[in-house]
Ligand SMILES: N[C@@H](CCC[C@H](N)C(=O)O)C(=O)O
């Protein structure tokens, strides 16, 4: 089985090109591929399938030839991955399926428009955020914070903190209440101010633990900050841009008055190779 390795602001992925959807990727195989000691290592898998060949994407095939079948490192399925879709687009360019410029990618969160710039940056139109009224309280050690519920196709809880160190080691998911707000689990962002419209964040990702970046998470942080700061574009009529520093780099997020969110950041292909068939067979038992 062919694979590539790529990352976007150090949110890293095993890329599995499989145009005709012929490679079965059960959760256990995904988890082994993402294992940093016994496998290749990654925060998730980008399974690259033609939309027409995947039952979950067939309905998008007229708008987007390629479907990002995203899996978390533990093998669970996620609706959307913001860094993943940039790396996915970079892979399509690397493989010669597209050239620099505009393209569309099908995801479980709908069709995303992507722009591959000549300077290496990739911009994704992420769609609109949903802001359910119900939030949660997130706790780390003796500290607790209210967290805003922001849905970017996938669920997020955004807590503003004074010091990112207060988020602790983030090996385990920080407890939150009430748990019923997120029946399918949640990505939890801790965000701290760095300057006007400039934040830094850390994240505990659903299905992957702490990662060095989360694109949907950075969008959720920017959306929550705009509501907190009184810069919500739907109210001011003016687009707003936030810079969000993550452990692995920097993402720039713009929200427009119609709610459309654009995210820009790098996307890199690092390596490519073949999985040893004997090792792959052991992942299937
Ligand atoms: N790292 C991603 C998000 C991946 C999915 C997430 N863990 C979930 O389960 O929702 C990003 O860049 O958005």
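Cβ atoms are placed via backbone N, Cα and C, with glycine included.
No curator has checked TrEMBL annotations; they are predicted automatically.
Counting every protein chain shown, 30 other Cβ atoms lie within 10 Å of the Cβ of residue 81 (active site, proton donor). In the three-state DSSP scheme, residue 81 (active site, proton donor) is classed as coil. Taken from TrEMBL, the feature active site, proton donor applies to 81.
Look at TrEMBL and you will find 81 tagged as active site.
Counting only residues at least six positions away in the same chain, the Cβ atoms of 11, 82, 83, 187, 189, 203, 205, 246 sit under 8 Å from the Cβ of residue 214 (active site, proton acceptor). TrEMBL lists 214 with the feature active site, proton acceptor.
Cβ neighbour count for residue 11 (substrate binding site) (all protein chains, 10 Å cutoff from its Cβ): 33. Sequence annotations record features per position, and here TrEMBL assigns substrate binding site to 11, 72, 82, 83, 154, 187, 205, 206, 215, 216.
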Count the other Cβ atoms sitting within 10 Å of the Cβ of residue 205 (substrate binding site), across every protein chain shown. 29
Beyond 11, 72, 82, 83, 154, 187, 205, 206, 215, 216, what residues of that chain have CB atoms within 8 A of the centre of the substrate site's CB atoms? 44, 78, 80, 81, 84, 203, 208, 211, 214, 217
Measure from the CA atom of residue 215 (substrate binding site) to the CA atom of residue 81 (active site, proton donor) and give the result in Å, rounded to a whole number. 7
